[in-house]
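Written out below as structure tokens is the structure these notes cover.
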Amino acid sequence: MGQIVTFFQEVPHIIEEVMNIVLITLSLLAILKGIYNVMTCGLIGLLTFLFLCGKSCSTIYKDNYRLMQLNLDMSGLNATMPLSCSKNNSHHYIQVFNTTGLELTLTNDSLIGHKWCNLSDAHKKDTYDHTLMSIISTFHLSIPNFNHYEAMACDFNGGKISIQYNLSHSSETDAMNHCGTVANGVLEVFRRMTWCTHCDTPLGASIAGFNCVRTSYKYLIIQNTTWEDHCTMSRPSPMGYLSLLSQRAREIYISRRLMGTFTWTLSDSEGNDLPGGYCLQRWMLIEAEMKCFGNTAVAKCNQQHDEEFCDMLRLFDFNKEAIHRLRVEAEKSISLINKAVNSLINDQLIMRNHLRDIMGIPYCNYSRFWYLNDTRSGRTSLPKCWMVSNGSYLNETHFSSDIEQEANNMITEMLRKEYERRQGTTPLGLVDLFVFSTSFYLISVFLHLIKIPTHRHLVGKPCPKPHRLNHMGVCSCGLYKQPGLPTKWKR
């Protein structure tokens, strides 16, 4: 009995302790909620902006996505395809392997005095480099409607290669008069290589589908040369030469069959083949470590071939597979890339960038790419080309809307994958049970609101329970025995 009395004496103290705990808990909740409200009301963001405006730039978009970039080093591709670059605005080069190449010079000084080109005699003597000659043939065959042989002169004595194209388009009138000739075609091909910065189309002049190109140079001279460090103005890239090949529709049927030889191989972080992403190794990048992209990003290249970065991945893959499987020589490698180009790269993308360059719109030079990195999960987007305008890369602010859209796409993709994951891990029976229980609850709420009556009352009389009256107001027990009294339903 004494223990019971003692317990009840301690009850007020226990209640006081409980009240203290409740007050502490409520205080903590109020403080945390207040801090959250202050953080999300925009005050701190406004103060941060006012403090950093004009001083600092952020590379974080949508709070979690960091803007990253990579620069591709395409010098390793010279094992299987020609690379082109520029020393200045007038001297341009095509590299074949590491030992030889071609020099293409826009000049006002003539190198060859005669006006003829005896190709048949050169073929009989067979003294020139066949690899270099195949590149020249590609360049020459890319000239639209070549039928003006007087505009071309050649010299193959002693195994050297010297070809001179005469240009006479220094004025707008000359450009219009010679529109569609071989000289104009040479300039058009040169522009397709994204080289001729001193070539322009006056007032958008065009006749019969040909752009009338104007230049201040009189000659284009092509010569073989030893390979040195010529690329001082631009980095070596295969895209100029491949842009010529992509215009040759007659190669398409041959090239489509070649893709069975090569597979879309993916590599893990150690370089081992693994179908779970693609890693750009150090030799593929400029001043950067290995960069890996997940299956989500790379899979888009297999689904739709409409990104410049996908073209570069295919070129790297082609280069690796050609060296590993075929061990091709120089001349054979040129022939191979000539046939495979339409299966590796999207010629519509190349033409679109070429037209952008002509019209002065920012275009892609296939060298620098940007992508978004999710700081929470480490996932990356598929890199997109960093556009070039007037010889320099655009500032980030010029394509901030594209960055925002890519961040939104990544958020949408994340939500979709999360939904699919949850759908795959949740048993179907459990989902059915949830739907049934929810429906049952809603029906029960409706039934509760309408208050269904349960028994009869005599009008003006108290509740007859436990007696159950029939429609005549009579109960069989005999207590309610007067029939005909008015009744009503009650709950």
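Cβ from N, Cα, C; glycine included.
As annotated in Swiss-Prot, C85 shares a disulfide bond with C231, one of the listed residues C212, C231, C279.
C301 (disulfide bond) carries a helical DSSP state (H, G or I). Under DSSP, N88 (N-linked glycosylation site) is assigned to coil, being neither helix nor strand in the three-state scheme. Rounded to a whole value, the Cα-Cα separation of C310 (disulfide bond) and N88 (N-linked glycosylation site) is 29 Å. N108 (N-linked glycosylation site) carries neither a helix nor a strand DSSP state and counts as coil. Of the recorded residues, H467 (Zn(2+) 1 binding site) and H455 (Zn(2+) 2 binding site) place their C-alpha atoms 9 Å from one another. For C85 (disulfide bond), the same-chain residues 6+ apart in sequence whose C-beta sits under 8 angstroms from its C-beta are H92, Y93, Q95, H230, C231, M233, S234, R235, P236, S237. Figure note: comparing Cβ neighbours within 10 Å for the recorded positions C154, C231, C279, C364, C475, the maximum is reached by C364.
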